[in-house]
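Enquirer: There's a structure below that I have some questions on.
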Amino acid sequence: MIPERHLNIAVLMLFFAVPAWALIMDEPFTITLATRAAILALAATGLNIALGLGGLVSLGHAIFFGIGGYAMGVLAFHAQTYTPMQLGGFEIAGTKSMPVIWLVALVASGIAAVLVGLLSLRTSGVYFIMITLAFGQMFYYFAISWRAYGGEDGLSIYVRNDFPGLNTLDPIQFFGLCATLLCLALLVFWRLARSPFGLALGAARQVPQRVETVGLDPVRLKLVAFVLSGMMTGLAGALFADLNRFVSPTMFSWQFSGELIVLVILGGVGRLMGPLIGAGLFVTLEHVLGDITDFWHVILGAILLVIVLFARGGVVGLFCGKARPDA
Amino acid sequence: MPDPILTTTNLQKSFGALKATDSVSLDLRQGEIHAIIGPNGAGKSTLIDLISGRTQPDAGSVTLLGQDVTHAGTAARARAGLGRTFQISALAMEDTVLQNAVLGAMGASGKPWRFWRPALWDADLRMRAEEALRRVGLADDAGKRCAELSHGQRRQLEVAVALTLSPHAFIMDEPMAGLGAEGSRLLTGFLDSLRSEAPILLVEHDMDAVFALADRISVLVYGRVIATGTAAEIRASREVRDAYLGEDA
Ligand SMILES: Nc1ncnc2c1ncn2[C@@H]1O[C@H](COP(=O)(O)OP(=O)(O)O)[C@@H](O)[C@H]1O
Ligand SMILES: [Mg+2]
């Protein structure tokens, strides 16, 4: 067993070393893969707040990922076609500015998370999984039927959006941007887990009746966690759309919600670096195995099975054992 | 006589055809320990759930410090000054002893909505938590994960978490259960001194503890209070002997 802190530092160093090496070797595709891992890790770190800290098994987090994606798609679409949005008599111009798009993505996914959370948190266990899945399907089919923005075909954005002072089309600069946001999100997760809120949330996951008897409302704690979680995943969605310069209803698919859960379980539920490890493994396997066989998902499934059966704490648990609660 | 801290009036609760609580009216007065005794299945835990707000009564009311809290939730009643302990320890097993106590202190201060500074860095929360742990004799185990505690230590921590709330009334469901002779003796001594801080409604099976501590005893059988009185009165009561205490009591 090694201290979790050491593993965390090693993982972060590897995470930055790979694209640095790719830059020297002039392998932009590897940088893009690292960027993809960073964005998936950001989305999964969002889920880790709900799932890891709050114990909320959400099979609907694609909702927020999709909303983030469409926030980018819709705003950039109106900017590239020079047509303002018509919103109840108001005209709103599109934008190619990433900070504005991120803000819209955060707010929109936050609002969605309040609504989905308020209704879903009336239930728990399997019912919670089912109701979040159902909400996910609603958003998915809504996106498919939303003709104005491409319907089933999705929306292509021709040029990546802008960030002040950066050339976002340069893979390493875009990686730097995504990696910075990921590191901020990891910092937020790390502090959140130890904050009074995180402590109460963890107790609400383990013993809700205890939380109530000290005068706190476990459902409200979980709702706030769900909203923070959804916002982070929503931000990742906006970045993901920018990475691919494309949004489509598949961002809302339940398969993606499932993949996010897989990433977190693979890396270690509730562990700081769990999502990044999971996303790194996932992208690597997808790339390496995807080249060899079309059935790489089967192999991923087998690996997942082994992890769940023999290493309950995911990769982090394998190396570091149980989490130290007050570390 | 001053108003009681806690009053229940004609509380009723049925589970299907079973009357678990049947017209229970009792009160808890400043400075006293009021023990509830009765055979298994008499409805003691149900009564505690009704008082603490975990279960809603079919009829009747609960008054805390002159306020009708019958329809208030558990959390609201806790904030109004009710500190309960569970018959089966309800602790965050993955967390440390100190964290469990800090949770209580946090509830008491009503401020879980802080997202950045680590909870254990908050001097005020820590002080309250550590003081409560010290009082129940868990100061040396503060850093242990709760899952590593012995059964007896968990019972002590249950009491400590209630202490962090500085409640106006304690509601304790069998705090001595499984403590062993020495543990029971220590906790008996502690509860004896605690009553001057806030009165205790004490559900307990350990008759030595009950007769040593209780200012008043109510006997619950089939959901009904069949007698209330001092230890001596209850000991002498024919009805209670027949229904519950048996010949040796
Ligand atoms: N949630 C419930 N649903 C159905 N029956 C219950 C429930 N809770 C308690 N009971 C029944 O009510 C009676 C009183 O139980 P309880 O209050 O736990 O008794 P005690 O704590 O005195 O041993 C028992 O017969 C028990 O089976
Ligand atoms: Mg009981």
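Glycine too: its Cβ is placed from the backbone N, Cα and C atoms.
Summarising the annotation, TrEMBL assigns transmembrane segment to A:6-25, A:37-56, A:62-79, A:100-119, A:125-143, A:174-193, A:223-241, A:261-283, A:295-320.
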Enquirer: Give the nonlocal contacts of the transmembrane segment (A:295-320) in its own chain as ranges (CB under 8 Å, at least six residues past its ends).
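Expert: For the transmembrane segment (A:295-320), the list is 1-4, 7, 262, 264-269, 271, 273-274, 277-278, 281-282, 285-286, 289.
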Enquirer: Check the transmembrane segment (A:174-193) against the transmembrane segment (A:62-79) for contact, please; criterion is three or more CB pairs under 8 Å, pairs 6 or more apart in sequence.
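Expert: With fewer than 3 qualifying Cβ pairs, these stretches do not touch.
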Enquirer: Between the transmembrane segment (A:37-56) and the transmembrane segment (A:261-283), are there three or more C-beta pairs closer than 8 Å, counting only pairs 6 or more apart along the chain?
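Expert: Contact confirmed: at least 3 Cβ pairs fall under 8 Å.
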Enquirer: State the residues, same chain only, that lie 6 or more residues beyond the ends of the transmembrane segment (A:223-241) and have a CB under 8 A from a CB inside it; answer 'none' if no residue qualifies.
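Expert: For the transmembrane segment (A:223-241), the far contacts come to 36, 39-40, 42-43, 45-51, 53-54, 56, 58, 61, 63-73, 98, 101-102, 105-106, 108-110, 112-114, 116-118, 120-121, 157, 178, 181, 185, 188, 192, 197, 201, 247, 251, 260.
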